Amino acid sequence: MGFLQLLVVAVLASEHRVAGAAEVFGNSSEGLIEFSVGKFRYFELNRPFPEEAILHDISSNVTFLIFQIHSQYQNTTVSFSPTLLSNSSETGTASGLVFILRPEQSTCTWYLGTSGIQPVQNMAILLSYSERDPVPGGCNLEFDLDIDPNIYLEYNFFETTIKFAPANLGYARGVDPPPCDAGTDQDSRWRLQYDVYQYFLPENDLTEEMLLKHLQRMVSVPQVKASALKVVTLTANDKTSVSFSSLPGQGVIYNVIVWDPFLNTSAAYIPAHTYACSFEAGEGSCASLGRVSSKVFFTLFALLGFFICFFGHRFWKTELFFIGFIIMGFFFYILITRLTPIKYDVNLILTAVTGSVGGMFLVAVWWRFGILSICMLCVGLVLGFLISSVTFFTPLGNLKIFHDDGVFWVTFSCIAILIPVVFMGCLRILNILTCGVIGSYSVVLAIDSYWSTSLSYITLNVLKRALNKDFHRAFTNVPFQTNDFIILAVWGMLAVSGITLQIRRERGRPFFPPHPYKLWKQERERRVTNILDPSYHIPPLRERLYGRLTQIKGLFQKEQPAGERTPLLL
């Protein structure tokens, strides 16, 4: 019995020790929060008074500490002193401080607070570093703190930009830090390199618990390297600023690891996160990103695209309207967005009207002139545009050479033009491929207006680049998760089904319909010359319309009274 009791006590003690190494909840005492190195702490901060935080028993081989605190969207403040000063405190959703330790120092204190009305749920952690590790933000000249390990994040509809202060070489306790601008040789901070990492949260999940859970993977060097995607490596000669394509409604965490190649040591900055939207905005908040106008527009567009996917080649004029709508609508949207400040909803309505005009114009060109090569050039360019967009949607689009606008647009145009050139000898196959691929992709765009998917950024990234002159510097990585694979499978299934069905149905049929205007002229001449044709005796359209109007008018006239009649003569 005694052995069993000892076994139970040992198991409980081990479980408590493992849990404590990962997370600690709550406060140890009123107004005082105790931390341990490397342990995550969850707690709430309230507005009235700042709370004091403390760390005991700091190891003698620790040279500096980095404290960081995270919340989802409400700001919190961390400060060296109870009085908040700009050069000794930091405020934000992801903020922190560097504590340079003095000789024999074994205790460290700081203060936490919030200016928000509502209580703020936070997660915080302390990380320790030795004298061989580089100091993140140790050569700060741009921001308020003397040593600033924070990553500053700005976003708009087009791009998200992160900025951070350069690091410095590590140094022992009680020793002056190495000068930041004394030289550019290998004995100075100019040998340091910066690896920028990007981590995507699960799609369509805006919960606070999910964010704080995944932030734990982005605080220390080994976890960042194992979990996140390395986007770019910067040297000390590069500008400490990196831009990414904004993904509204998609949670993204960014972090920077500074590496000393001479000592092979690293340190992590404080990760920053964003959803590229506001949780507190009334209109267009993170919880209601999909506009009604977008849903209506892309739903109608998808219905037409779905029809084109399976029946486009048979209904040739309808397909031409669809292609003309895409071409004219795309260029008009770019033009009106760049030249005018009108609202999105009005812009979308004008785009729909202009696209319809473009579609009818292409149909009219075919009906009157019947030049197949011009129509198929438009069809092939639309397919080439999508294939070129898919090409730059891959990691190829993030190559440094394509950050130059001239190189990008020339390469993009060459790929788009190459498609109709390659298929110019088999126009029917080109037309059916365009119907299947473009028609099915319109369904993907409609799905995105209701349920976010990364596949919409295939064309949206190109549109952003055409609209924004600074988008060329942005990295266009997107998450590719379970729902994206499902929608990709739907896209592929629709495209293959539509192409296969149309190829089988069009066997033995003429490649394309005859010239409509010639048929109309031949029919008109036949009716004029052939008096045996019953249609020859049909009155002209004007007389038929006049007769029909006369009949309708007679329905509203009163019947005249019958007058005196002459009797029959026997």
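Note that Cβ sites are derived from N, Cα and C of the backbone, with glycine treated the same way.
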> Of the ranges 253-275, 437-459, which one does Swiss-Prot list as transmembrane segment?
Replying inline: 437-459
> By a simple count, how many Cβ atoms lie within 10 Å of the Cβ of N75 (N-linked glycosylation site), its own Cβ left out?
Replying inline: 15
>> Using the alpha carbons only, what distance in Å do you get between N61 (N-linked glycosylation site) and N264 (N-linked glycosylation site) once rounded?
In response: 18
>> Let me check one thing: do the transmembrane segment (371-393) and the transmembrane segment (296-313) come into contact, meaning three or more Cβ pairs under 8 Å with sequence separation of at least 6?
In response: no
> When you measure from the Cβ of N61 (N-linked glycosylation site), how many other Cβ atoms are you left with inside 10 Å?
Replying inline: 10
> List, by number or range, the same-chain residues at least 6 past the transmembrane segment (408-430) whose CB is under 8 A from its CB atoms?
Replying inline: 313, 372, 376-377, 379-381, 383-385, 387-388, 391-392, 402, 462, 465, 472, 503, 506, 511-512
> Taking 3+ C-beta pairs under 8 angstroms (sequence gap of 6 or more) as contact, is the transmembrane segment (479-501) in contact with the transmembrane segment (296-313)?
Replying inline: yes
> Could you give the Cα-Cα distance between N75 (N-linked glycosylation site) and N264 (N-linked glycosylation site), in whole Å?
Replying inline: 35
